[in-house]
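Feature annotations, courtesy of Swiss-Prot:
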type    : residues        : note
BINDING : 68, 73, 79, 308 : [4Fe-4S] cluster 1 binding site
DOMAIN  : 80-297          : domain 'Radical SAM core'
BINDING : 94, 98, 101     : [4Fe-4S] cluster 2 binding site
């Protein structure tokens, strides 16, 4: 029997080590059991990677993180090559251990008080016009990291007054009142929180999260700021059905959410949850049509769509798939 892992502060636990810490266990996927990727899931890498390396260098120089790298996003090359990135604040170690996610789990260190300033300067240097700020879950902080979000928003706007800011926030479990009080005083231009999947599979996919809590977070922010778009995203391919996805879309509309993203789940490693199915582009088109019929102002639905994929285009209502 292997010894239980004793977490050390500041150490990243990934793959088998991370999964060993999850109460709901996953079965390691053997290579022969992996679903073959269909043709529509093949990615063509850009010929010129100089812009990609430039953005990575800027991140390293300022001690910043991107969710693009930490979560092994399949769109990293495309987004970096276009000069866009989703910044991940509050460190690169998450207090949650979701078995679909490639972000490291562990005991995070104290938030960097200089991060808002460094982030704002980096964004100004890159001359970005639209930026997405997300974070790991920080259940170790009394406000879940809400004040750090607010500090980052203020610092960015001070350096780049015309920029549009989208925040992709955690669920602030047990801290919603405190977090919303802070965020309501310094709101973003788009407020995003992902449901990730359907309630039936939450115990397996999002241990530690609560479907109704996440809906309430989105609803309460919208009630306080009816003029600000609220947004949420889901992955498909984790055992849900299309009918269940449509029902979640209805729940989102009932809670005031106006923007939607749907994308294909991809297994980061054989230790993570396996892909149960690949949803075809035609099915994504059908779900987008259903979303628009429900009254979403924008729905980005496609195999490679992620919550922050071409977020600037999503905010403008342009086609993204």
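Positions of Cβ are set from backbone N, Cα and C atoms, glycine also.
It should be emphasised that the depicted structure is a prediction, and the values quoted were computed from it without experimental measurement.
Shown here: features listed in Swiss-Prot, placed on the structure.
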{"residue": "94", "record": "[4Fe-4S] cluster 2 binding site", "DSSP class": "strand"}
{"residue": "101", "record": "[4Fe-4S] cluster 2 binding site", "DSSP class": "coil"}
{"residue": "308", "record": "[4Fe-4S] cluster 1 binding site", "DSSP class": "coil"}
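Of the binding-site residues 94, 98, 94 has the largest number of other Cβ atoms within 10 Å of its own Cβ. For residue 308 ([4Fe-4S] cluster 1 binding site), the spatially nearest entry among the binding-site residues 94, 98, 101 is 101, judged by CA separation.
Averaged over the domain 'Radical SAM core' (80-297), the predicted model has a pLDDT of 93. Within 8 A of the CB centroid of the [4Fe-4S] cluster 2 site residues 94, 98, 101, the other residues of that chain are 96, 97, 100, 102, 103, 105, 136, 137. Residue 101 ([4Fe-4S] cluster 2 binding site): 22 other CB atoms within 10 A of its CB, across all protein chains. For residue 308 ([4Fe-4S] cluster 1 binding site), the number of other Cβ atoms no farther than 10 Å from its own Cβ, over all displayed protein chains, is 29.
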